[in-house]
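In what follows, a structure is listed as structure tokens, so that the remarks can point back to it.
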Amino acid sequence: MARLFSPRPPPSEDLFYETYYSLSQQYPLLILLLVIVLCAIVALPAVAWASGRELTSDPSFLTTVLCALGGFSLLLGLASREQQLQRWTRPLSGLIWAALLALGYGFLFTGGVVSAWDQVSFFLFIIFTVYAMLPLGMRDAAAAGVISSLSHLLVLGLYLGWRPESQRDLLPQLAANAVLFLCGNVVGAYHKALMERALRATFREALSSLHSRRRLDTEKKHQEHLLLSILPAYLAREMKAEIMARLQAGQSSRPENTNNFHSLYVKRHQGVSVLYADIVGFTRLASECSPKELVLMLNELFGKFDQIAKEHECMRIKILGDCYYCVSGLPLSLPDHAINCVRMGLDMCRAIRKLRVATGVDINMRVGVHSGSVLCGVIGLQKWQYDVWSHDVTLANHMEAGGVPGRVHITGATLALLAGAYAVERADMEHRDPYLRELGEPTYLVIDPWAEEEDEKGTERGLLSSLEGHTMRPSLLMTRYLESWGAAKPFAHLSHVDSPASTSTPLPEKAFSPQWSLDRSRTPRGLHDELDTGDAKFFQVIEQLNSQKQWKQSKDFNLLTLYFREKEMEKQYRLSALPAFKYYAACTFLVFLSNFTIQMLVTTRPPALATTYSITFLLFLLLLFVCFSEHLTKCVQKGPKMLHWLPALSVLVATRPGLRVALGTATILLVFTMAVVSLLFLPVSSDCPFLAPNVSSVAFNTSWELPASLPLISIPYSMHCCVLGFLSCSLFLHMSFELKLLLLLLWLVASCSLFLHSHAWLSDCLIARLYQGSLGSRPGVLKEPKLMGAIYFFIFFFTLLVLARQNEYYCRLDFLWKKKLRQEREETETMENVLPAHVAPQLIGQNRRNEDLYHQSYECVCVLFASIPDFKEFYSESNINHEGLECLRLLNEIIADFDELLSKPKFSGVEKIKTIGSTYMAATGLNATPGQDTQQDAERSCSHLGTMVEFAVALGSKLGVINKHSFNNFRLRVGLNHGPVVAGVIGAQKPQYDIWGNTVNVASRMESTGVLGKIQVTEETARALQSLGYTCYSRGVIKVKGKGQLCTYFLNTDLTRTGSPSAS
């Protein structure tokens, strides 16, 4: 609570919060002054009509009201000027408070006999408005409220204490006044504290939303570039539209549709050519590179290939290690797609040939091209990558594998489309791989017409480079040469356009500098000229938060009812939880206790009254017990189980709006009833001895005593208790405006009926008694309890009605800003579907450190390759399955189900890298802090291997469920390996996150040489898993391509059934 009572404004938000607070308090201040002015205007004719008096019969009342009308009209004019209000906030507030005090003492000491109960309600009005409607800080408001209370008590105590006729019952009345003022101060401070907290929360939500919106506007542009760089425009639009629809509908990752499949973004294209290219000799070269050199080398090479692809109207599909493949004829059909791919292949070979000649490094390019049809699109839910599938794609892959280094290897289908543009020669049978040999179709090698000329030109340069190479590592020499190509870095094009670093600062730095302070005589509109565009937007938002906006047309709110225009948002607002309800109830209980104390001080305390208060007291205790029962959790847990449900009661009240409304309404009605309960035990009419005609006042003074059943002094205090009843309605800040209007109107009618009709004779009797010694004299208008009460009832009614609407507006505004901020944050989902969460901030956004390529080396990463070899046999292209589309639909289900495992907390450390056909690649240990592994022992640093094993088993379980529903018998073949890797992002046109290293290569070999239903690991990984409690058994020594003879192990688990791996 200490924060709630801190002086305004907080230093860290000095400029914007000062302006915002002034604007938010201007409206209630204007309403306060307007109510006083209108009451002064209406009071004169209304009182004359109601009392049947001439206005001139009460000159003191007429003079006081006219002076108040003139003074407060002047103050209204000053407060309505925004410039003056911002410049003279505290002096103007102090002047209004002093004017109200002067008016109160004017009413007190004019118009007749001064009594202890006189003008208590008006001073209560002053106290409450100081807190709720004047733009003062909490400390200033509390000081004004306490001074107002003490001044009334001291002035009347001193004035009446010296008058013998007034000393009777003086102390109980002053004590009752003190209770009233104390309750008024507490209620006012409570109301101000909650409103300031709500205002501060709304202010921060608005600025956070603006900050987020500005940042997201930039990030959306970046995401648009990113999506369009990895996906064709039509597919990016389609996927983005569905994501936004899913977010708006609040659905899960799997949208509800007529079938139970995930959305499939795959289409068939005919008349395309597919190019596969592999850098021969790169694996050996990469083993000599540092992480930075490796990522730079790959980015330069593939960046150059991307430039060549763009020149020849080809689309890069994916990078697989050092393998590059692209397609021509996507997404738009091109008649020259075969020629485009062949030209690109030749240019790639020339680029590598120049590199080899210039550096002397023994690398080459092997290219394969085939023409046909493909299925293209995106599968899975995470780490989207545009891909192509078909038998023709498989054939193009084998064309590269069975090709010749430095040559472009094409099929007969591609040759037919070249139409003689290039000379070719038959490829020898010895170059064919088993797949091509089994196919039996002739293949061809394209003859490069420029190869001989380039070899002659490059001879001298090659000799020079070879001399330099004697003093430099081949990898370093190659890196130096590749830098001259100047390939663009990933996301470089995003860092120069609307950089978030320059546009997303939440508050301008100059707002906090001592040299730049707010001249409060200037309005926000005047400041617009001094501030830049970004700062001016903050003031625009602040002006939108002004409570006067509730009376202007809005696209979010209904002008009259303040309901949200969107029915769904209105429903969400009304159903939102309200944990603060218990505090509303507690403060209302304080009002009830104040009423009880006052009644005990000024009434004769009949038994019926005590019984009524006892029952009500028990009902309040029951309500508070229910509201605060969550704080009894520890106590209840130690008790019997039959009481464990008690803490859930407070949660039920906080989350059930219907129950809250019922309890709130019942609580307010109880306070209303108990405020006048003492009057309900009195007769509605009686013969008052003081009102008998022609009776000597001396006789009354000597022979008649007030009966105990007629406590006249309680009449004005019952009226004051009614005012507290009005205040109790303002304590429920989140209660709807229409319900507050209904309750306030009900209480206004009931109170006026009691004091002006059924029990008006009591007020007349009290006045007659006070003035019995002054025949012919009549009290002033505000000296009669019934008239005084009616006037103050109307004043409090209209004042609280205005505050209720303002509270409703700010509660709804706070809800609206929170919802907008939440929606804007949800829109960032796209980025995490392209890059790992720990990588994206370093490449895009305000956290981007520099223009260097992203690369990171890790000492211990576990890499998984999980393939479904049976899918290759399952895949077929026929009219029945729409040329393979339905087969891919099933693969999409499999990959999507695999992706859904990543959202489970236990697999939060698993990072999906990519999919390669029906092979799933993932890694653990990539989100560890770099360098952390070297500071810990091996067992602890590689503890995430167990997570990867559990993930592999979960993949098998998922596949088993799919088999059950699709009537298939797919089985996983999994390879695991752990060790050092290099991670990075390469490719400017299509940024792609990947990992490289011997660890990755061996993990891939563990999968390709594995056995269905088994997890194959290397000997080192087997030892690490055994230290974690897993059981492995030796498979023996097997031949692994590129690695020679390796001893491998199988993990003792069956991927075809669900369950955890066996642990020894």
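For all residues, glycine too, the Cβ spot is worked out from N, Cα and C.
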Out of THR503, THR533, THR1056, which one does Swiss-Prot list as phosphothreonine? THR533
Out of ASN694, ASN927, which residue gets the N-linked glycosylation site annotation in Swiss-Prot? ASN694
Which one, ASP322, ASP336, is listed by Swiss-Prot in the same Mg(2+) 2 site as ASP278, ILE279? ASP322
With Swiss-Prot open, pick whichever of SER57, SER517, SER777 is annotated phosphoserine. SER517
The candidate from ASN595, ASN701 that Swiss-Prot records as N-linked glycosylation site is ASN701
Within the chain of ASP278 (ATP binding site), which residues six or more apart in sequence place their C-beta under 8 angstroms from its C-beta? ASP322, CYS323, TYR324, MET365, ARG366, GLU400, ALA401
Which listed residue (LEU320, VAL1002) has most other Cβ within 10 Å, given these are binding-site residues: VAL1002
One finds that other Cβ atoms within 10 Å of the Cβ of ILE995 (ATP binding site) number exactly 22
Based on Cβ atoms within 10 Å, give me the single least packed residue among the binding-site residues ARG366, ARG1005. ARG1005
Using a Cβ cut-off under 8 Å and a sequence separation of 6 or more, which residues in the same chain sit near GLY281 (ATP binding site)? VAL361, ASP362, ILE363, ASN364
